[in-house]
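Below are the structure tokens for one structure; questions will follow.
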Amino acid sequence: MRFQGFRLCLGLLFISINAEFMDGSVEMEDFDENSEEIDANENEFSSEIKYKTPQPIGEVYFTETFDSERLAGWEIEELKENPVPGDRGLVLKSRAKHHAISAVLAKPFIFADKPLIVQYEVNFQDGIDCGGAYIKLLADTDGLNLENFYDKTSYTIMFGPDKCGEDYKLHFIFRHKHPQTGVFEEKHAKPPDVDLKQFFTDRKTHLYTLVMNPDDTFEVLIDQIVVNKGNLLEDVVPPINPPKEIEDPSDKKPDDWDERAKIPDPSAVKPEDWDESEPAQIEDSSVVKPDGWLDNEPKFIPDPNAEKPIDWNEDMDGEWEAPQISNPECRIGCGEWSPPMIDNPKYKGVWRPPMIDNPNYQGIWSPRKIPNPDYFEDNHPFLLTSFRALGLELWSMTSDIYFDNFIICSEKEVADRWAADGWGVKIMIENDNEKRYEDAEFKKPDICKPQTKGALEQEVKGEKAALEKPVDLEEEKQQSDGEILEKEEEGEPEEKSEEEIEIIEGQEEGNKSNKSGSEDEMREADESTGSGDGPVKSVRKRRVRKE
């Protein structure tokens with residue numbers, strides 16, 4: 001019966017922990033194998049959403065899903081994170097190299113009376129340090145040869161994300177043809193008004209869309225949200241139409257042209273009492289040298305406690321000198337003393353005459369204007385050079401850039417449906433997995449708290465050590481046989497259960513020497529809680545109960 005109380009406690013402890021494990025659906029011995037690991041990179045929460053290769057529902061000029069092809073020099077792979085079974089994309093694999101790949105459209109796109117919609121997906125799976133993920137729409141020219149596609153190949157539009165350092169861009173560039181000279185000039189749309197950084201760093205798949213309308217307006221969208229819009233006549237640099245007049249390059253400023261708005265007053269005279277010899281600052285004569293100032297003591301001296309290192313080689317290291325330390329004698333001050341400097345109240349400086357308006361001022365000279373010989377007026381810049389191929393011509397310091405689901409069309413409904421069947425499925429799975437991951441992370445502390453058998457054994461040992469403190473064995477025996485000590489707390493009786501183990505230590509002040517008192521006397525002392533002048537008892541309880 002001696003350790004019956006301990007056995008009862010240990011049994012109740014195992015019952016409590018086992019019940020907690022049953023609630024969490026986790027078995028102690030097999031935790032490492034059967035427990036649910038939380039790792040977003042292992043994609044253990046992949047949704048059961050079924051993927052079907054997108055199919056255009058209307059007229060298109062180009063589509064590509066990469067779900068069934070392989071291309072030399074490029075890899076066709078699923079996403080590294082949140083993959084959609086059966087959905088693959090084009091992946092740039094090499095870093096610090098130039099890459100080029102292109103494809104012919106089903107038919108050339110001719111800028112006339114239909115909108116142009118260009119849309120594709122990009123995922124910077126490893127982030128990106130420096131590089132681009134933009135596309136080029138290659139001009140429909142007689143010399144177009146896709147086998148020799150490179151950075152100088154003529155294009156009509158360049159569109160897509162680009163980044164180097166902390167410069168985040170979303171290009172929309174088109175090449176406009178001068179109607180008189182035939183020379184092409186790049187026109188850059190104004191930058192978006194949103195912070196683009198997240199689209200390069202969050203490692204999620206983003207949908208990039210360019211819409212150009214026959215009324216010369218344009219929109220740029222990311223994830224079907226407009227991030228930039230404007231007019232081709234007003235919101236590009238340099239502007240489409242040149243100025244009607246330009247400065248005459250042969251015009252020169254006359255030699256007597258006076259651009260001075262102010263001049264010194266020629267009638268002003270320096271005052272007779274103006275003294276230019278006074279310095280700006282003088283010594284403060286009210287300050288005297290402090291007592292104890294040592295003029296001949298240096299501020300720093302060699303450290304008298306320093307010793308030359310044993311391995312010091314004067315041939316290699318030069319002559320050894322002790323390090324300098326502050327001179328302890330210079331508590332008040334050392335060296336040549338001089339009073340502080342203050343502003344000189346007599347200082348006036350060099351006299352200068354006051355400035356007045358220049359009566360001969362002619363303004364800032366500029367060349368005269370002449371008609372611009374290269375002037376033209378294009379009021380419909382949407383009519384760009386047609387294109388018949390799409391290409392990626394890139395250089396990147398980061399690998400594993402993922403491209404997918406290219407489409408070129410003219411109908412918004414077609415582009416939206418294409419996006420829903422491709423990018424939309426990816427986003428559903430990304431969001432579903434992210435929510436599952438967050439829910440699992442929230443539950444993780446409750447599931448994993450008693451993680452292993454070793455951790456449980458450690459907890460049991462701690463409880464055992466607490467229970468093995470010296471106690472009255474007779475009292476423990478009586479407790480194990482079902483005797484319950486009652487005690488009132490705040491006027492209400494406390495209900496005891498068989499699952500509760502109480503260790504009561506009674507101690508009477510003024511009777512400490514009588515440690516062999518009878519059981520009846522100890523119980524009587526417990527029941528009196530120190531009221532009046534009677535003995536004072538302190539009660540401590542240790543409980544282990546199943547939560």
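Count begins at 1; order follows the chain as displayed.
Glycine is no exception: its Cβ is also placed from the backbone N, Cα and C atoms.
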Between Cys9, Cys130, which residue forms the disulfide that TrEMBL gives for Cys164?
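That record, TrEMBL, gives the partner as Cys130.
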Applying a 10 Å Cβ distance cut-off over all chains shown, what neighbour count does Cys130 (disulfide bond) have?
15
Report, as a single number, how many Cβ atoms besides its own are within 10 Å of the Cβ of Cys164 (disulfide bond).
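The Cβ of Cys164 (disulfide bond) has 14 Cβ neighbours within 10 Å.
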What is the number of residues in the region 'Disordered' (234-309) that are helix, strand and coil, as DSSP sees it?
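Counting residues per DSSP class in the region 'Disordered' (234-309), I get 0 helix, 15 strand, 61 coil.
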